[in-house]
Each structure stands twice: as structure tokens, then as C-alpha cells.
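*Asks:* Would you mind keeping the following structure in view while I ask a few things?
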Amino acid sequence: MERVSSTTILPETLQGARDDITEQMGLVWQQIKAPVIVPLLRLTVFLCLAMSVMLFVEKVYMAVVIVIVKLLGKRPEKRYKWEPMRDDLELGNSAYPMVLVQIPMYNEKEVYQLSIGAACGLSWPSDRIIIQVLDDSTDPVIKDLVEVECKRWASKGINIKYEIRDNRNGYKAGALKEGMKHSYVKDCDYVAIFDADFQPEPDFLSRTIPFLVHNPEIALVQARWKFVNSDECLMTRMQEMSLDYHFTVEQEVGSSTYAFFGFNGTAGVWRLSALSEAGGWKDRTTVEDMDLAVRASLKGWKFVFLGDIKVKNELPSTLKAYRYQQHRWSCGPANLFRKMLLEIARNKKVSLFKKVHVIYNFFFVRKIVAHIVTFVFYCLVIPATVLVPEVEIPKWGAVYIPSIITLLNAVGTPRSLHLLVFWILFENVMSLHRTKATLIGLLEAGRVNEWVVTEKLGDALKMKMATKSARKPRIRIGDRLHLLELGVGSYLFFCGCYDVALGKNHYFIYLFVQAAAFFIVGFGYVGTFVSHS
């Protein structure tokens, strides 16, 4: 009997202790909720609503501009002088300007032949073009392959230069800057830049260079990207939707209104004198392309975006590669904003309206507010109001504004309208990393200048994967688990359960679906998985 009584008393003691802890936690929560949690949450809701309105106004403004541009037919050929380059019997090929084509690359085993081949296939007089391959590869095998490819094209009469350096200082910006130091560059008027996976059409130069030749105020001509692997998986379709909006709307609006937009780092042609006047390439951030564009714009130079010219390239199809890319694309602009805010404000060469556009529209709303409000409002604050019912979010802020913003974002890719819900969920998940990267950039924290080259799979590796599809690769758990996503997913799931049991907001459907999206990404079931074993 003694043994029985002791075993029954012990669980009752534990149960009592557990009840006491739960009761104490409940009391602490009730004591701090009214004086601390509720006011803080109300303030956060107010700030998030203010940021939502900023983003909403920006999206509507850009939509209106695009409609006006389309209705008025304000094509670049009508806004600027454009005439095709023609052969001159007296001058011969010297009637054509000298063009440098730079292809920076780093261990690009799968795609180096594509970009070099496309660049060597550009329709331009052979004595008026120089192809410069800037190879920062650290793998000696890949280095040899790239050099052999360059020699192969040189044997066909192509003026191609294979350039290497003994360090990777400044990463891509350092390579481009070093490439400009060679003596033969002094003879060039313009420079076209293509990343290692970009494949311009043969008529690329004949369609872009005339804008620079006939309009001395233009510094940059930017073409649009065309994605060769957008249908590879759901993740690449989501990327296509975001990037199509960027090109179709953001770049077009900047080009049509203030003749300013961020250089995309590739598929563009610069006037060398403008590049030099702006101070050349700088490696102070991970967005050397945007840095150069802002500095050139502050010197009074104009930019033109040509949406009709599309250059084929590859989207990152692994989650790891995409996360690294998004970190760079979010951290860099925030850090550049911190470094250039006063320089832009004090500039005397451009108008007040252009300065406001660059500081407020281009940097603050699109590069900072857009990331922060997406994650903080939709993934933290709205779920928190389930736990604190005293704080209410107006329907216009929780439903109407986000719905309109989403629909406006979808105009760039009409073929993917049926994937809109998936896109929203995926963008909310990725906003976690974009917000983290934005804060790192603003605060200049540890990973502010982290540069990881976006991995390209290329056709060769895809074929290799297809042949080995029967053999399942061994996957380490650590390669697939992403703790931040799993943590946010658990928080959303908890808030959803609380809403079902005790809440009155009826947010639980959204919370469960968004939690599922975080879990799917958290467990690594997104994108193409490539085993490196």
C-alpha cells in the first residue's frame, strides 16, 4: 500500500507544481499586458499601417504612371533620338564606336560557355569590339576551361581577352574596376556588362548603342531579363513574378519620369565617360551596380530602360542560392542608403524632386519599408493581435490595402495569376530574410559585406540530375532545416490554435496556411535540391 500511495502522490505533486507555474505565468501576463503589451502593440500597429499606406501610395502612383506611358505611347524611341547604325563608305568600320564587353565570372563551370559564346556572337564590326572575360575563379580546373574557351574564340578571329588577378578584393566590383585598367580599354567609348549566365541576342548592341551615340546626356541603357528556367519549379515561378514586376513597372516608371533607376548589374551598356565621371566601380557595398547608378544620376546623367530587349539568363533554383541572393539584394541597398543619404540630400546638380524620388521612393519605400512591413505586419503583428484582442486592426489595413498591393504586383506576369496565393505566402516567408538583411545593412552589422556568388545549375548539370534521378541523393538534415522559418511557423501555428480556441478575429485560416508555408520552407521542400556529395 505504501508503494501505491507514493506513486500516486508524486504525479499529483508534479501536476500541482505545473498548475502553479501556469497560473503564475498567467498572472504575470495579465499584469504586464495592459500597461506594457497593449500600448506597444498599438504603437506597432500604427507604424505598420503608416508604412502600408506609404507602400500603397507608391504602388498606385507607379500603376498610374505605367497606364499613362502606355496610353501616350511614350516609347524610348520617341522620347530620345534613335537611328540605326549605318555603314559609311568613307569611314568604313570606324563609323561604329568602340565597344568593350565585360563578362565577370567566378567558378562558373556550368554556364561560362553560354555567356562567352553569346558575347562573341554579337553583331558588331570585329575590329570595333573587345570581349573581356574577367575570371576570378579559384578552381584551377575551371580556370583552365575558361581560358581554353577564350583561346578557341580567339582562333576564330574574335578580339577576346582573358584577364585574371591574384586576389578577389572587391569581388565583382573589384574585377570590373581592374578590367578598366588595361591599356586597350582607353580606346573604347562604351562598355556592355553581362554576368556569366547571361546570353544577349546578336542584335543587342545594334539596338542599344544608338541611344548612347545620338543622345550625349544618356549614361546607361538597361535591357530586361528573360528567364530560361522560370518553369523549372514553383520557386522559380515565384521569382519570375517578382522580377517581372520590377522590370515591367519599377524600371519603366523610373526611366519614364526621372530618367533614373537602379542599374541591374548586367544586360546594360554604360558610356565610359559617365562611368569615369561618377567615380568608377566601388566595393563599399554588395550592390556596386546601384551605387554606380546613384552616383552617376547625381552628376546629372540620364538612364533609359528598354523593356523590348530581353536578355536570357538563369534564376537561382535552389533555396540556398536564392536566400544568399536575396540577402545581398536587401542588405546592399539599405547599407548604400545609410552611406549616401547625406550625399544625395546635399547634391546641387539635380532637382529637389529627383532627390526626393531617390531618397523616399527609390530607397526608403521600395528598399526598406517594403521588406520590413511585409514581415513585421503580416507575420508578427497581425498574429499578435490574436493574443491581445484589445488591439484591433482596421479592415482597410488588414485586408483592402494588402489585396490591392498584391493585385498591382501581379500585373507583371499575367500567366501566373492563378499562382497569386502561393506567391503571397512565399513572399511573406522570404520577407523574414529580407527584413533581417535590411536591418544588417542599416546597422552595418557583421554580414553587411557578405558576398556569395549565386549558384547557377546550367543545362549540363540539369541533364546530369535527370540521368541520376533514379538514384536518390543522400541529404544531410542540416542542409534542409532552417530554424528561423520553423520558429516563425511555430509562432503562427500557435496563434492560429489560440484563435480557434479563444479568439474572435477569425485570422486562423490565414495563420494556418502561412504557418504551413513557413514549415515547408523550414524543412527545405522548396526549389531544386542538389546534392554536392
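Cβ coordinates come from backbone N, Cα and C, glycine included.
Given the structure is predicted, the values throughout are model-derived calculations rather than measurements.
Below are the features listed in TrEMBL for this protein:
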DOMAIN    190-382  domain 'Glycosyltransferase 2-like'
TRANSMEM  43-72  transmembrane segment
TRANSMEM  368-388  transmembrane segment
TRANSMEM  400-426  transmembrane segment
TRANSMEM  481-501  transmembrane segment
TRANSMEM  507-530  transmembrane segment
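Buried or exposed, and what's around them? Tell me for each listed feature.
*Replies:* Confidence across the domain 'Glycosyltransferase 2-like' (190-382), taken as the mean pLDDT and rounded to a whole number, stands at 95.
Long-range Cβ contacts of the transmembrane segment (43-72) within its own chain (Cβ-Cβ under 8 Å, at least 6 residues beyond either end) map to 248-250, 252-253, 256-257, 361, 365-366, 369-370, 372-373, 376-377, 381, 385, 391, 393-394, 397, 401-402, 404-405, 408-409, 411.
Residues 52-53, 55-56, 59-60, 62-63, 234-235, 237-238, 240-242, 244-249, 378, 513-514, 517, 521, 526 of the same chain lie 6+ residues outside the transmembrane segment (400-426) yet bring a C-beta within less than 8 angstroms of a C-beta in it.
Away from its own ends, the transmembrane segment (507-530) comes close to residues 232-236, 316-319, 322, 378-379, 382-383, 385-386, 425-426, 428-429, 457, 461, 465, 473, 475, 479-486, 488-490, 492-493, 495-497, 499-500 of its chain (Cβ-Cβ under 8 Å, at least six residues beyond either end).
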